[in-house]
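Peer 1: Handing you this structure, nothing more for now.
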Amino acid sequence: MNETIPGSIDIETLIPDLMIIIFGLVGLTGNAIVFWLLGFRMHRTAFLVYILNLALADFLFLLCHIINSTVDLLKFTLPKGIFAFCFHTIKRVLYITGLSMLSAISTERCLSVLCPIWYHCRRPEHTSTVMCAVIWVLSLLICILDGYFCGYLDNHYFNYSVCQAWDIFIGAYLMFLFVVLCLSTLALLARLFCGARNMKFTRLFVTIMLTVLVFLLCGLPWGITWFLLFWIAPGVFVLDYSPLLVLTAINSCANPIIYFFVGSFRQRLNKQTLKMVLQKALQDTPETPENMVEMSRNKAEP
């Protein structure tokens, strides 16, 4: 027997929506702080440009989540047609952008470790800015064309074979991003544990590893289901699956928490500002033995 509360709101709908709103508000605050500090208070390096754009994508993605969950709780209905298409297209754009930024961060870090001379001497100065612009434009273009070919943008135009081919392309693109993310991460881990005795943990390395891990656990399932379920059960609106949406909200909320945790680890918080904590979390140089982060031990290295 299904439980309901006054106002005929289903508990199974209420709980996920409330969780999304709670995680969303926490994530909005955290990502807004990260964006403000990186955008206006800190000198931006190659990695910080990507993290700035990732924070923006997570902020907007959570904002869409909160709007959608609030509409569900208040029992409103989003207008049909172009408005609904734009709203859900924005969510997809932000998801693809977030995955692309994370893949770019991991790849950039991998290049800096495996090819340090080329990276520091020959890498074009504005590569990060150009890559971020390309990622935003490409993500937007992919989702708009998907809506056009599959009839979401124009109900009079729908070609199943073209729509199917385009969905295969999008799935292949997401798979490519996932493979790049995994391979670059594995290369970093192999380099750390097997290839270089003089390579030590840095806080930036720990931050990237934790961010990738959280995405694989919380962000990836929605992307897989979103595209693969089209072939298993055509016509099912995957974006409405509440557990996956809660996981994506956790994923977008987690990054600022990771930055705070890594940046404040073994530090005296009463003497740390948020800017100092964020700088520590994104620090790319090994610390002194007394303060080095040792993730596999409970004590600092003597």
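Along the chain as shown, residues are numbered 1 onward.
In case you wondered, yes, glycine gets a Cβ from its N, Cα and C as well.
Per Swiss-Prot, N-linked glycosylation site is recorded for ASN2, ASN68, ASN159. For 1-17, 68-81, 151-167, 233-242, the entry in Swiss-Prot reads topological domain 'Extracellular', with the evidence type sequence analysis. Marked as topological domain 'Cytoplasmic' by Swiss-Prot on the basis of sequence analysis: 39-46, 103-129, 189-211, 264-302. Feature annotation from Swiss-Prot assigns transmembrane segment to 18-38, 47-67, 82-102, 130-150, 168-188, 212-232, 243-263.
Could you place the listed features in the three-dimensional structure?
Peer 2: Classification of ASN68 (N-linked glycosylation site) by DSSP places it within a helix.
Sequence-distant contacts of ASN159 (N-linked glycosylation site), defined as residues of its own chain at least six apart whose C-beta falls under 8 angstroms from its C-beta, comprise PHE149.
Across the topological domain 'Extracellular' (1-17), the prediction's mean pLDDT works out to 62.
Counting same-chain residues at least six beyond the ends of the topological domain 'Cytoplasmic' (103-129), those with a Cβ under 8 angstroms from any Cβ of the stretch are 46-47, 49-51, 54, 135, 177-178, 180-181, 184-185, 187-188, 191, 199, 204-205, 208, 211-212, 284.
Outside the transmembrane segment (18-38), and at least 6 residues removed from its termini, the chain residues within Cβ reach (under 8 Å) are 44, 48, 51-52, 55-56, 58-59, 62-63, 65-66, 68-70, 73, 245-246, 249-250, 252-257, 259-260, 274-275, 278.
Residues of the same chain lying 6 or more positions beyond the ends of the transmembrane segment (47-67) and with a Cβ under 8 Å from any Cβ of it are 20-21, 23-25, 27-28, 31-32, 34-35, 38-39, 87, 90-91, 94-95, 97-98, 101-102, 104-105, 108-109, 128-129, 131-132, 135-136, 204, 245, 248-249, 252-253, 255-256, 282, 284.
Cβ atoms under 8 Å from those of the transmembrane segment (168-188) belong to residues 96, 99-100, 102-103, 106-107, 109-110, 113-114, 142, 146, 205, 208-209, 212, 215, 220, 223, 227-228 of the same chain, restricted to positions at least 6 beyond its ends.
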Peer 1: Per DSSP, how many helix, strand and coil residues does the topological domain 'Cytoplasmic' (39-46) have?
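Peer 2: Summed over the topological domain 'Cytoplasmic' (39-46), the classes give 4 helix, 0 strand, 4 coil.
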